[in-house]
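*Asks:* Take a look at what TrEMBL says about it:
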type	residues	note
ACT_SITE	CYS114	active site, proton donor
BINDING	PRO31, MET32, VAL33, GLN85, HIS184, ALA238, ARG239	FMN binding site
DOMAIN	29-292	domain 'DUS-like FMN-binding'
Amino acid sequence: MIGDIRETKECQLKDPMDLFHSGQVVKICAPMVRYSKLAFRTLVRKYSCDLCYTPMIVAADFVRSAKARDSEFTTNKGDHPLIVQFAAKEAQVLCDAARIICPFANGIDLNCGCPQRWAISEGYGACLINKPELVKDMVRHVRSQIDNPKFSVSIKIRIHEDLKRTVDLCQKAEAAGVSWITVHGRRIEERHQPVHYDAIKIIKQSMSIPIVANGDIKTLKDAENVHHLTQADGIMVARGLLANPAMFAGYEETPFQCIQDWVDIALEHGTPFTCFHHHLMYMMERITSKQEKKVFNVLSSTSAVLDYLNDHYGV
């Protein structure tokens, strides 16, 4: 099973649940603020990523404002399977957002894991792990109001200090019809502490739906180890993919072809300069010297970046 994560051929399965039932570990690009947008999703899909999430979108804004919809969500024909992650605290608002997105995505995910102060103060994100009845209600509402039975409804959570509470939350969500659960193996107050993979394993053993492991996975070897430790059905990666978008295809560091692909995709999509540049800074972190970083990181235009890449790397 661990070797299965090395599978590099493009997955033809477009229904996320088919991926989870394929017998192989599902390789997933995490929802990342500013970063997991269409252009980056297009890149990681070229390098064996099976399933991509959008950045978190506040459901109430998305429902209320066409401007928010246009700026927060873009997709295209190749951008599947795709999960749209929402921050929500009211069942009907989440349903309304799901109904709008349903024709353009394969499922929605409810964010129950974001530890940022603003999210928690607004009643979003990680505070929802302490409101299992509300989470259950939101999942059940979406399930009952979306006609498409293949449209997935998932949640992404953090863990409690008392793991029984986390298992209870997961079992309530499962009873409400949740498709799978992603577990970031840290508590709300933990930032850079070691991930509790043992907790993810206990949750996996307590459930009959797929469980995805998330937290501190930087390389394909890490992904294999975490699968081995947790027996999770999927592995979700954030920063590891930012640093090396070709990680799931077995590359130890970002290959130059991947950098070339990013330049082509980003220019084709009209990616704003700051985003284009930041992605390259992440990708080149391990392959540039301190001196090169000093020069590259202060470049201030697309043409300057393109000239630098051409002069130094032939990209």
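Cβ atoms here come from the backbone N, Cα and C positions, even for glycine.
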*Asks:* If you draw a 10 Å sphere on the Cβ of ALA238 (FMN binding site), how many other Cβ atoms land inside?
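*Replies:* Step by step: centre on the Cβ of ALA238 (FMN binding site), count other Cβ atoms within 10 Å, giving 21.
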*Asks:* Count the other Cβ atoms sitting within 10 Å of the Cβ of PRO31 (FMN binding site), across every protein chain shown.
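*Replies:* PRO31 (FMN binding site) is surrounded by 25 other Cβ atoms within 10 Å.
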*Asks:* Among PRO31, MET32, VAL33, GLN85, HIS184, ALA238, ARG239, listed as contacts of FMN, what is the widest Cα spread in Å, to the nearest whole number?
*Replies:* 17
*Asks:* Least buried of the recorded positions MET32, VAL33, CYS114, going by other Cβ atoms within 10 Å?
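*Replies:* Checked MET32, VAL33, CYS114; of these recorded positions, fewest Cβ neighbours within 10 Å: VAL33.
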*Asks:* Pop the Cα-Cα gap between CYS114 (active site, proton donor) and MET32 (FMN binding site) into the table, whole Å please.
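*Replies:* MET32 (FMN binding site) to CYS114 (active site, proton donor), Cα-Cα distance: 11 Å.
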*Asks:* Can you tell which of HIS184, ARG239 has the least company, meaning the fewest other C-beta atoms within 10 angstroms of its C-beta, among these binding-site residues?
*Replies:* ARG239
